[in-house]
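Q: Just passing along the structure, written as structure tokens.
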Amino acid sequence: MRKRMARIVRRRPKSRHPLHLAASPAALLFAGSPAASAASASDPALAGDGFWLALACAGLACAALVILLQRRRLRRMKAKLDGNRKWLRAIFDHAPAAILLKDREGRYLEINKSCEALFGFTNAECVGLTPEDINPGPGDEDARAHDLEVLETGVATTRRVRLETSQGPRSLQSVKFPIFSRTGAVDGVGAVIVDVTESAAALERAESAELRLREAVEALPGGFVAFDRERKMIFCNEAYRNLTALPRERITPGVSYREILLAARESGYAPDGEADLENWVETRIDGAPEGVDSEFRTPDGRWFKANDRVTSDGGLVGIRIEITELRRQRDALAAARMRIEDVAADLRIKSDRLQQIIRLSAIGGWEVDAQTKAVWWDPLTRRIHEADAGFSPDFRSAIKFFTPESRERVASAVAGCLNDATPFDVEAELITARDRRAWVRILGEADREGGEIVRLQGVIQDISEQKRHEAALQAANDELRAAIAGRASAERRFFDIAAVSTDWFWEQDRDLRFTFISDSYTRTTGGDPETHIGRTREELLQSDRAAREGADWDWLAQKIAARAPFSDFVYRAFGDTDGPRWVRISGAPFHDESGAFAGYRGVGSDVTTLYDALRRAKAASEAKSAFLATMSHEIRTPMNGVLGVAEELGRRVTEPAERRLVATIRESGETLLNVINDILDFSKIEAGKLDLETTDFSPALIARRAAALHEMKTREKGLDFTLVVEPAAERTRRGDPHRVSQILHNLVGNAVKFTETGEVTVTFGGEPGGPLTIAVRDTGVGMNQAEIARVFEGFRQADSSTTRRFGGTGLGMSIVKSLVEAMAGEITIDSTPGAGAEIRVSLPLPIVDTRSEPAAPAAVAALPEGLKILAADDNATNRMVIELLLKRVGAASTVVESGRDAVAAANDERDRMVNGDAGFDLILMDISMPDMDGIEALAAIRDQEAKAGAPRVPAIAITANALTHQVADYLASGFDGHVAKPIQGDALFAEIDACLDRARLGGRERDA
């Protein structure tokens, strides 16, 4: 039907004859209207004028016949025309599409029922009117423009618009066509309008879904590609395009999967575990519904996982996901498993050792059957009871061993455990089978099977020695209480004397206004107490700037606000005019009968002389510390030459006698260096400038390294050396590993030094989850209590004969105590003269929540040949040592004696770089140099590098000033590393290698 209608619409009129006019679709459509009927009646052609003229010429009879025939013919044609009209009218009226007809002025000629339903007005309401007449206001200007276009061109047009209809806004597809007159002129415009709202929305949703799918695929972190049945590419995302070996311009729809895979194979893409690359290519192309997985490595070393899956239509989709980090973790996991196996083997060894320790710790085991009360003792429990091997204890006989005072307590604890499984830990006194009194500690708990208590089991330990210590402690406490009582008596005597002393007493009320100041205030300070009465300290301070700025009044205000006692608060006396006088006050709150705060009472004294002496002592201490630091620096500088040259000689000489001489020089130099380090540490401790690092470390690793260093010395002295590393020491801790190592070395060194025969035992560990403990026990000379009291004093040993006999500065134990206290730890000494000593250190260093140990320091890598290094040091010996060390690794060195020479050398080398020569690879710079120090010299070099656009040369600070804050200052000033003097070759080479690595890494990051 639509094809027939289209043919009618495209037909052009040929004449004005009514039959020809019927061939025009516009005329046929128009024929049924009232306007068409009027036009037909007035048309001369339809009236038959030609036929009447023929009748007049041929005769009446002939005319009548002709008329009869003509009318019959006309009736048949009219009937056919009427049928066509009815057919077209039915199409027009009942077409599902809206149809409308307009004249050239845009007035509606007729609309069909679908058009009425679409726009909400009837044919009768719109005929003869324009759209603007029906809907005044802004209209569809494009619609009128399209009408004019059809009228001018005579060609049908199509457009899609969104208009307001009776059903709301709708998307409409409009086909406009010309209406031709009988003369062939365009008399009007017709339109067929179809509502395509749903199909347009569906199309829009489909396009949106496709867009979201493409965006989602592009957003994938991995590559995505789709191929058709012929394995021609349909689509891929940017990640896949970047991954392929083909040039980007080749990665377009239509490229074959085979071409992509062959290009990858030729470019070095290596599938994991595939020896037959051709088979790998074919497998990838064939694919499989369940997917084909493989892993491959790109030429730049990255690893990817590929999954290709055949789709239901025979196509192929592929995903590429980078798994470089996963591969690395997988390899690391395999390595970790191997390490775990090693650790497990080590743990088995340690477990065996632990069992041995338990056997040696004299802790016995026991069991009691819950039903029969049968008792079992292990050999150690028998030994504690001093029972014969043939003795078979039962519950009654076992309880009878305890003294009457302890028996009921033990029996009650056992009964409670049997009844409700309450564990117990009791101390009791027993009488052994050999009638010896002994104190024991008994621990027990219930063992259940099927919810029922079947036995008690526990341990027993002889604590007689501990009880003796407790008794001694109790005696000491009794002595302390007696001493405190004596002190109270002495204080009473003191207050009696204070009544006539130069100290004064004061009192403040609840508003903190002075109500009393004794007369001694005037004798001591020369001030008038009446100037204070009725005023607060704050009011006195407002008019006395010197007193206000001379003390921490905020601290005192906090104490008083908290109604807390205070003591030894020192400030400049109010109103002093004859030079500063310093007073010290102490006070405490007092309360009335109801317990309410009533004020403060206290005492004051003149401490001007003491304060001045303290300031002088502090200044002298600071001067001493500065002197020690300076002397340390000055001694380290020539010591660098001694140790550096000795190290180089040790590498060159081969004669044993000469090597012993060199070794003697090195050992003497290192001994002196240790003395210097002790003095420097002591000065830092005194000055309150001891810095502690915070880093993760392995205590077990420190213990084993220390043991390796001291075992040789003990063998030389014929001593036995034992190191016990408990499981707690295997856990990673957080703290200062250097200071922990220093504590251990000092303790072990002292033990070896003061032990001439016997053994030295070091135990490193502690309770699980508790502090790290270090216990060093020896069989040396030992100490009495007076010597123990002096051992922590600086520059002191047990007595003067100790220094003469064993040597040393007497600073080691003082430094150890200061380091332990800085870490909030504790140190104790248990010693008997002639029987050795045991020193225990407890350090509350937190355990790091990790199962792996910190990585051991990496071995020093070999430096590349031909390095060009600029070195600056004002000391000739240091320059020689640096040249020797750099020569050892094949580096070409330029060594200058000042900071200015270093700047000039760097400039000269940069100028030669312009001519094609290679510049310096590294700069070694002393810090303390006259005229221009190392920091100033490096700043000048960095400035010149920036101006010249030259690459940044790594620089290492080489100085005897190696405190933590000093090193941080060097790094902040532009240095890349630091090496302390005296210079050790391995340390220098390791730092050079690290700086060069960081420089190369930084260069790659800038290039990227």
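A Cβ is built for glycine as well, from the same backbone N, Cα and C atoms used for every other residue.
No curator has checked TrEMBL annotations; they are predicted automatically.
These came from TrEMBL, pasted as-is:
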SIGNAL    1-38  signal peptide
TRANSMEM  51-69  transmembrane segment
DOMAIN    84-128  domain 'PAS'
DOMAIN    209-251  domain 'PAS'
DOMAIN    424-475  domain 'PAC'
DOMAIN    567-619  domain 'PAC'
DOMAIN    630-847  domain 'Histidine kinase'
MOD_RES   ASP926  4-aspartylphosphate
Q: Looking only at residues six or more beyond either end of the domain 'PAS' (209-251), which have a C-beta under 8 A from one in the stretch?
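A: Tertiary neighbours of the domain 'PAS' (209-251) are 257-260, 263-264, 266-267, 269, 285, 298, 304, 313-322.
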Q: Using DSSP and collapsing to three states, where does the residue listed as '4-aspartylphosphate' fall: helix, strand or coil?
A: strand
Q: Using Cβ-Cβ distances, find the residues under 8 Å from ASP926 (4-aspartylphosphate) that belong to the same chain and are at least 6 apart in sequence, listing them in sequence order.
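A: Same-chain residues close to ASP926 (4-aspartylphosphate) (Cβ under 8 Å, separated by 6 or more) are ALA872, ASP873, ASP874, ASN875, ASN878, GLY934, ILE958, THR959.
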Q: To what whole number does the mean pLDDT across the domain 'PAS' (84-128) round?
A: 86
Q: Mind tallying the domain 'PAS' (209-251) by DSSP state, helix then strand then coil?
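A: Summed over the domain 'PAS' (209-251), the classes give 20 helix, 10 strand, 13 coil.
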